[in-house]
Amino acid sequence: MNSLLLHCRPGFEGEVCAEIGEHAGRLNVAGYARAKPNSAHAEFVCSEPGGAERLMRELRFAGLVFPRQWARGAFVELPESERIGVLLEHLAAYPVCGSLWLEVLDSNEGKELSTFCRKFEVPLRKALGKTGRLLDDPRRPRLLLTFRSGREVFLGLAEPDNSAAWPMGIPRLKFPREAPSRSTLKLEEAWHQFIPREAWDLRLAPGMSAVDLGAAPGGWTWQLVNRHMKVTAVDNGPMAQSLMDSGLVEHVRADGFVFRPRRPVDWMVCDIVEKPARTAALIETWLGEGLCREAVVNLKLPMKQRHAEVRRLLERIRDGLSARGAKVSVACRQLYHDREEVTCHLCRLPAPA
């Protein structure tokens, strides 16, 4: 049980390997990362006993950028029949767990296994409960079974408060038919990712003011309007008429990189296709000058060296805000609905009393 399995978006396995390898080096956890292209997962194999557990103890999952989910454990080969008996034998070396998730990888093979997992979960859960291997206790580790095929599974453990909030790290969001574009789901997922659900009524409250830079046709604006915020939509392109009819949207035809609000707003959101360095400078201006209280901004990534680019951009943003004397929390994640991009959440911190 000394490997770390990390789920990711297909095509970003190299970024996961670079990111977890960098953290392991900093923490002096010996091992190596490996992955196959477009397999939707990577594995960090630790050379020392307890290495995977130490990595998960020392790192906060919320602080990782490219992994969607993680678990410590090992791959196990399964027979064509009597799979549950073999699993119970291996799980005898695992602690009693408080919850169970059956997961697949975000690949064509993974999608084909989804039906198998749904059917297999019922008898497996029953067997685990009968043998005392599974209790209903959120304080205990979660048992994560990631099936790479019907004959191979990763038996993993993760702490519920230090792993993904959803199986495979994929939120089950429904596309609202009224929204003018599917990009609307990126902003909704960002809120789920970065803002505790119990804080939504306070931090995403009706009547708040918001600016959407590069708004047309209004996918992100729709989310803001759906929370009954007053929105300034900045874009030279046309906005969906349904949003304009809401009475909550002012359409300003201007360059999103030039526009500045007359007074500070509660929220700024931005999903403009632009070089990430220019977008990072925009973040520094808006948060550094106090033009908004919170922001969700997408950074478009190059084709190569994407982990290194994200690290440089985050360092630049943090250094730039610090130089302006602004106290701002900065978080970054590649969301499920992101493509060749990552999403940043920034929040100005209250001045010390």
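Cβ from N, Cα, C; glycine included.
Per Swiss-Prot, the features are:
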BINDING   S183, A216, P217, G218, G219, D235, D255, D271  S-adenosyl-L-methionine binding site
ACT_SITE  K300  active site, proton acceptor
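Here the features listed in Swiss-Prot are painted onto the structure.
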residue	record	contacts (Cβ under 8 Å, 6+ apart)
S183	S-adenosyl-L-methionine binding site	G219, W220, D271, H337
A216	S-adenosyl-L-methionine binding site	A233, D235, N236, G237, P238, M239
P217	S-adenosyl-L-methionine binding site	P180, S181, G237, P238, M239, A240
G218	S-adenosyl-L-methionine binding site	A179, P180, S181, D212, A233, M239, A240, L243, V249
D255	S-adenosyl-L-methionine binding site	V234, N236
K300	active site, proton acceptor	V273, E274, K275, P276, T279, E340, E341
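Here the Cβ of D271 (S-adenosyl-L-methionine binding site) has 23 other Cβ atoms within 10 Å, regardless of which shown protein chain they belong to. Considering only the residues assigned to S-adenosyl-L-methionine binding, S183, A216, P217, G218, G219, D235, D255, D271, the longest pairwise Cα distance works out to 20 Å. In the three-state DSSP scheme, K300 (active site, proton acceptor) falls into the strand class.
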